[in-house]
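Chemist: Have a look at this one.
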Amino acid sequence: MADLQLTDDVPSAADDGVWLACIECGESFAPFADVRYTCDHCDGLLEVRYADLPTFEDFEGEGSGVWRYHDALPFDVGVTLPEGNTPLHRVPRIEDEVGVESLRVKHEGMNPTGSFKDRGMTVGVRVAKEVGVGRLACASTGNTSAALAAYGARGGMETLVLLPAGKVAAGKIAQAALHKARILEVDGNFDQCLDIVQDLAQRGEAYLLNSLNPFRLEGQKTIGLEIMEEHYADYGEYPDRIVLPVGNAGNTAALYKCFRELVKAGAITEEQVPKLTGAQAEGAAPMVEAIEEGLDETRRWEDVETRATAIRIGNPVNAPKALPGIRETGGTAVAVSDEEITEAQRDLAGEGVGVEPASAASLAGLRKLRERGVVGDDESVVCLTTGHLLKDPDAAAEAGNDPEPVANSTEAVLEHLAEN
Ligand SMILES: Cc1ncc(COP(=O)(O)O)c(C=O)c1O
Ligand SMILES: N[C@@H](CCOP(=O)(O)O)C(=O)O
């Protein structure tokens, strides 16, 4: 990592050792005095910075979940359900088949609303209270809206979600509806919904809680802290590589920030940073295109399509943070087909790990990179699975076994089992 992009200077804008910094021009801003999502001067993405960065010792005896890591966060506690402390599953049959030194699956679907977004919302909704906003809003392919609705409800706040009509899985809409969000179904795709929400936020009509909001990513970086701690406890070393599904590229940005901060704090060396490896669906792969073609920024894909609706995204807003994350850690990005995603979803389910299609892109991507010889057989790998199987019941039913009709008697059941 050539440039850690972290400074030792604490600017006058800092509040209790916390400030916002522009990743492009370096300008600093007070964290909670005003609402801002990007730099006032150059419109660059903002990042939360801290005067003091913790090491792993600082987390000892601190309980579990996102707020175990409060020393690495802007507050001691957030609006919590609680979240984090997700399992790092062993998957021995898949590990054998893929043929790597070790393979673990970090299942973020085990968060309160069934996706990693909860880690971001526990911090983001706490900040919304701090800055004193009224309505919370997001654009969503489903999971962000479910999390925002639940955490908004928990915080007693009004929530508005904009969804691409006909492209959001049933479980996610049900969650947003029952947690009392106002749901606007837009005749357009996710990226167009986000354009509108950004506009609303700019006009002061709502507080934006997509991952463009730098505080969301602070919560999400705890995925990295959990992986590092648990992997080290189990194997005595950190993973060589983390493979994750990529949509708006918030998690990639958050994990990169996590590792930069650990290096800066002296908790790990640069050589111990896992290679960040993104997986996208072939029909929505602007990050893969940018990595393969060596572009400085992603091209916006206007037409995106994939069965993995959570990552049906053509304009990843966090690309300026995530592309350096992939490059500086020595990672890569890979596109996988919907069929490969479904096969990976079935195989994970065969190990008892139930995930939604987008989540399975990580395993599908790892398989492809093994085939290509990019991932070595001596590597220890963690695949991130980002959402629960029940988020998309239709996709699960399509990928799984068909129910078999049978007459209402034990004899009929036995006969059916013997014949089929
Ligand atoms: C289940 C799931 N996986 C992966 C992603 C992609 O994450 P990111 O936008 O942080 O790249 C999303 C949402 O974008 C998601 O809902
Ligand atoms: N998959 C996401 C898309 C929005 O991502 P965000 O992290 O920027 O909120 C979703 O669930 O809506």
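Heads up, the Cβ atoms here are built off N, Cα and C, so glycines get one too.
Note that this is a predicted model, so its numbers are computed, not measured.
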Chemist: Check TrEMBL: it lists Gly247, Asn248, Ala249, Gly250, Asn251, Thr386 as binding pyridoxal 5'-phosphate. Then name which of Asn85, Asn143 it lists for that same site.
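Modeler: Candidate listed by TrEMBL for the same site: Asn143.
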Chemist: Got a sec? Which of Lys117, Asn143, Gly247, Asn248, Ala249, the recorded positions, have CB under 6 Å of any ligand 1 atom?
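Modeler: With ligand 1 as the reference and 6 Å as the Cβ limit, the list reads Asn143, Gly247, Asn248, Ala249.
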Chemist: If you average the pLDDT over the domain 'Tryptophan synthase beta chain-like PALP' (79-387), what number do you get?
Modeler: 98
Chemist: Secondary structure at Gly247 (pyridoxal 5'-phosphate binding site) (DSSP, helix/strand/coil)?
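Modeler: For Gly247 (pyridoxal 5'-phosphate binding site) - judged by DSSP and reduced to three states - the answer is coil.
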Chemist: Please report the distance from the Cα of Ala249 (pyridoxal 5'-phosphate binding site) to the Cα of Lys117 (N6-(pyridoxal phosphate)lysine), rounded to the nearest angstrom.
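Modeler: Pair distance, Cα basis, whole Å: 12 Å.
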Chemist: Give me the CA-CA distance between Asn143 (pyridoxal 5'-phosphate binding site) and Lys117 (N6-(pyridoxal phosphate)lysine), in Å, as a whole number.
Modeler: 7
Chemist: Near Asn248 (pyridoxal 5'-phosphate binding site), which residues of its own chain have a C-beta under 8 A away, given they sit six or more steps off in sequence?
Modeler: Leu194, Asn210, Ser211, Ile313, Pro316, Val317, Asn318
Chemist: Helix, strand or coil by DSSP: which one applies to Thr386 (pyridoxal 5'-phosphate binding site)?
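Modeler: Its secondary structure by DSSP: coil.
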